[in-house]
Amino acid sequence: MQASQRLRISGMSNGLYYQPIREVEADCLPQFQTFDRQQYYNDSSQASNNYLAQNFYERYCTLESSSGNGSYAVHNSPSTVSFSPNGSPMSQQDSHSYPADPHYSPDNTYGSPISGSCITDEVNDFKHKLKELENVMLGPDCNFLDSYDSSFQNGINNTSLEMDSCRQVMEAVSNRNLKQILIFCAKAVSDNDLLMAHWLMDELRQMVSVTGEPIQRLGAYMLEGLVARLASSGSTICKALKCIEPESKDLLSYMHILYEVCPYFKFGYMSANGAIAEAMKDEKRVHIIDFQIAQGSQWLTLIQAFASRPGGPPHIRITGIDDSMSAYARGGGLNIVRKRLSKLAESFKVPFEFHAAAMSGCEVQLENLGVRPGEALAVNFAFMLHHMPDESVSTQNHRDRLLRLVKGLSPKVVTLVEQESNTNTAAFYPRFLETLNYYTAMFESIDVTLPREHKERINVEQHCLAREVVNILACEGPERVERHELLGKWRSRFKMAGFTPYPLSSLVNATIKTLLENYCNKYRLQERDGALYLGWMDRDLVASCAWK
């Protein structure tokens, strides 16, 4: 999670502001205007398509500075501009100046007449005349027409499928089915169907709301991702989004709220700490390498646990690896973490050292880890590895490189906590569906804890989750840093690097079950194949396991 990249007190992400929607006059596809869509695409130049996408984005991008105290009403602006058949803008008055189509139907969105007189009657008449001609020229036993009919029917079937798809879209819009419209819009974006995408975006703008139901709130951020994808990609996306970071003290507050209202991050840190405590129960000198230390809050409870260990606490040394995003959320460098952990260790009389490595995981080399002989080593990958580019992004493949580097250090235990989602190498459309499914569960779980009108809930979702959603949908290549993998894929990577599973203790499982008793009963904990899964209802959201 970009959640963890900012603050491991809650594992949260980059900040994101959602500006209230401005009243604009939208260039949208008239819902029932008859024209030849294929001819439109054939006649329109690439420059025209680019203009449409950029113009639409400029009118609809709302990811700007705002506040939880502001108004988040979604305005319903009637469209006053449409497109002519050649792609040029025209007024609504002009759009109705075409001669009336005698076969017009409200379901006939794209200009394919559906009345019997146009398709069925003409086809039957044509086939009858063809059969008469066939009998005269070739005899009554010839099957030429049957062969023709089979080919012709395939064409009719394809047309029927297309019309059926159009009817499904119209039905979803008519029923205000937000989830289905999001899916249809993503398919249109995936197919580069700009007119359909723009029209559905117009419809979605009237339905999403950052103060509404979970699907309405998530839909607001997914819509931004779709709009941003049409308008831009890659390195230009961050500039186009006009995101302004909140003050670090405010960001820290939002992260802490999410950490408290949802058990996902507590679950991850508790399971990882349990595995480390179990592996180090007889060690005198312990070295923990944390590849994304952020606030260092994960280690507060572990230091206290070591302090009460029979026979006295071990000497603990923590190497904290960091990047600029975590430093921003913290409001300063790693020295803040050093002071915080050192003060706690001193109060519990635990011998303690801190080693800082201010860099991203992609930059880490052996010499940055400060490994010493005689220390039992634990390595922690909590909500971090999915930010590392793999073989699909970089020839260096930092994801597997780090695992091989760590395996070479012969650690006693390596902990992995990751989101149980599949967005790394998936193409855009299946990635959209996976993101919709995953974050729907996340937003629903927040909804049962924080009231919808609670201004802090708006801030939490905007600053801690929305930027992840936009990055997954709008960015590609190195600029897409949210690249989640399912635990099955992580298992393959760990085994390929030479690791073997380290079973989690039953005590850890029991402790986490007790933790969940303080939350909604829709959360569920499952143990499968030596790993723990925390989910919301029937959806796994976070997976935790250990290796050696």
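Cβ coordinates are placed from backbone N, Cα and C, and glycine is handled just like the others.
According to TrEMBL, the feature compositional bias 'Polar residues' maps to 78-96.
Per TrEMBL, the feature region 'Disordered' maps to 78-106.
If you look up TrEMBL, you'll see 176-236 marked as region 'Leucine repeat I (LRI)'.
Annotated region 'VHIID' per TrEMBL: 255-320, in sequence order. Applying DSSP to the region 'VHIID' (255-320) sorts its residues as follows: 33 helix, 12 strand, 21 coil.
Averaged over the region 'Leucine repeat II (LRII)' (336-368), the predicted model has a pLDDT of 95. Annotated region 'Leucine repeat II (LRII)' per TrEMBL: 336-368, in sequence order.
According to TrEMBL, the feature region 'SAW' maps to 474-548.
The annotation motif 'VHIID' is assigned in TrEMBL to 286-290. Taking Cβ pairs closer than 8 Å, the motif 'VHIID' (286-290) reaches residues 8, 276, 280, 296, 298-299, 306, 314-321, 369, 371-372, 375-380, 382, 406 in its own chain, all 6 or more past its ends.
Looking at 176-236, 255-320, 336-368, the range that has the most CB pairs within less than 8 A of the region 'SAW' (474-548) turns out to be 255-320. Across the region 'Leucine repeat II (LRII)' (336-368), the DSSP tally of helix, strand and coil residues reads 18 helix, 7 strand, 8 coil.
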